[in-house]
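Notes follow the structure.
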């Protein structure tokens with residue numbers, strides 16, 4: 001009942017927000033469309049084969065696009081992306097088709113690539129310029145202050161990087177009727193206080209930012225390439241990196257990167273092509289190959305290049321380059337449970353999350369949406385995740401073909417602490433899903449038959465665990481890369497993406513990955529200024 005007392009305040013805030021929208025130009029709530037044009041893009045791998053660049057960024061995803069755009073301010077950059085362009089694809093660009101890209105996938109060309117972990121849980125990864133920011137729910141929320149402190153980032157530069165991103169692609173959402181109902185359901189369940197619209201990661205119920213603008217158009221990380229120097233950047237699409245090329249420099253204790261080897265993504269040929277790093281004259285600091293291929297892609301490329309535990313390479317006949325045992329380790333995926341609140345599929349418009357409930361000292365994240373299960377059917381899940389799972393797994397190569405998924409096992413709920421947390425989370429999730437607000441919206445009677453048995457909740461968790469699509473790890477800071485994201489023991493190689501995270505920041509990692517790309521790009525530019 002405590003949450004009900006807050007509803008008058010919530011109604012007042014909702015009316016106030018609506019009033020503001022009536023009198024404020026909606027363009028002020030949307031990212032600016034006056035920024036520059038997109039850089040040159042090509043799918044002809046021969047256009048860059050044999051050429052050299054100051055920096056090669058592998059993966060045009062959530063972190064890779066802002067990173068490449070920033071580096072291009074002063075240096076030549078090759079951005080290589082295994083997928084195609086998101087532009088002109090309504091399944092990516094239009095909110096009304098949210099989720100459609102996840103239900104029709106193929107082996108080589110779909111914007112989402114399916115994979116199933118060794119745990120048996122279906123998952124997916126982005127395969128398009130913009131990466132997972134092109135296929136996700138678009139909910140934008142920063143990392144917590146504690147997370148920033150723990151990783152040791154420069155707070156002023158973090159703030160600059162977040163605001164740089166937000167000024168270009170983040171909007172204030174107008175809540176749909178269903179999102180308003182979910183909001184009241186969260187409050188009824190006692191997820192307090194009510195924080196209104198906020199980009200901060202704070203306890204309670206809040207409205208987050210969105211990369212969908214008020215016209216329902218998605219602004220992926222690819223839009224950040226409009227901020228690039230078009231004279232200094234080339235974007236190659238539909239090209240998959242096979243491995244990293246190394247060169248000997250007479251120093252047996254140091255491995256140096258020369259460039260990358262890549263193939264076409266479409267499966268038509270296995271012919272390889274190469275691109276190289278520039279070797280500036282009279283300069284002690286060269287550029288880097290920077291892996292931004294995601295929590296599956298980056299460790300996969302390192303392993304395919306002979307960087308990893310020595311024992312891993314015997315069955316694949318890959319020459320061993322560096323015995324870096326942390327590659328592919330500390331893989332985590334936040335365990336999630338979802339409850340369907342509707343009884344049957346219906347033909348509703350898809351509705352991505354705009355509201356989030358953050359509870360139990362930031363441990364539980366709860367959101368609701370409407371997702372397509374077919375082209376004429378949707379369901380209405382309320383889903384929750386454990387933000388800080390203890391259980392971890394491992395990624396290994398399954399093939400030497402870089403277009404194929406590696407093998408990964410996350411070991412969901414293997415640790416008893418995770419199982420206990422999941423049981424507690426299910427109880428809270430049920431209170432939201434069976435709230436009076438949601439029952440009233442659906443035209444059903446409120447249900448009070450909550451699971452009260454901890455043993456029953458634990459069994460329910462084991463039988464129904466799923467992904468929240470926030471998997472991370474495989475190239476973690478302190479194990480594979482240092483605090484500057486340089487790979488240990490290799491000159492000219494960095495990793496900048498979610499594979500470096502020990503936990504998934506915020507309600508979801510997108511905002512922080514976007515920030516990280518800008519942050520590391522600025523740091524590298526500053527480093528080069530002082531060389």
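Cβ atoms are placed via backbone N, Cα and C, with glycine included.
Automatic, uncurated: that is what TrEMBL annotation is.
Annotated features, as they stand in TrEMBL:
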BINDING   128, 241, 498  FAD binding site
BINDING   468  substrate binding site
DISULFID  422-461  disulfide bond
DOMAIN    126-149  domain 'Glucose-methanol-choline oxidoreductase N-terminal'
DOMAIN    294-308  domain 'Glucose-methanol-choline oxidoreductase N-terminal'
SIGNAL    1-29  signal peptide
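Sequence-remote contacts of a segment are chain residues at least 6 beyond its ends whose Cβ falls under 8 Å from one of its Cβ atoms, and for the domain 'Glucose-methanol-choline oxidoreductase N-terminal' (294-308) they are 58-59, 61, 82, 115, 125-126, 131-132, 241-244, 246, 318-325, 327-328, 331, 395-397, 400, 402, 405-406, 408, 471-475, 480, 487, 490, 495, 497-499, 501.
Taking the Cα of residue 128 (FAD binding site) as the reference point, the closest of the recorded positions 422, 461, 468 is 468. Here the C-alpha separation of residue 468 (substrate binding site) and residue 422 (disulfide bond) works out to 14 Å. The separation of residue 498 (FAD binding site) from residue 422 (disulfide bond), Cα to Cα, is 24 Å. Sequence-distant neighbours of residue 241 (FAD binding site): residues of the same chain at least 6 apart with a C-beta under 8 Å from its C-beta are 58, 80, 82, 260, 261, 262, 293, 301, 402. Shown in sequence order, 335, 337, 413, 419, 422, 423, 426 are the residues of the chain, 6+ apart in sequence, with a C-beta less than 8 angstroms from the C-beta of residue 461 (disulfide bond). Least crowded of the recorded positions (128, 422, 468, 498), judged by neighbouring Cβ atoms within 10 Å of its own Cβ: 468. With DSSP classes pooled into helix, strand and coil, the tally for the domain 'Glucose-methanol-choline oxidoreductase N-terminal' (126-149) is 9 helix, 4 strand, 11 coil.
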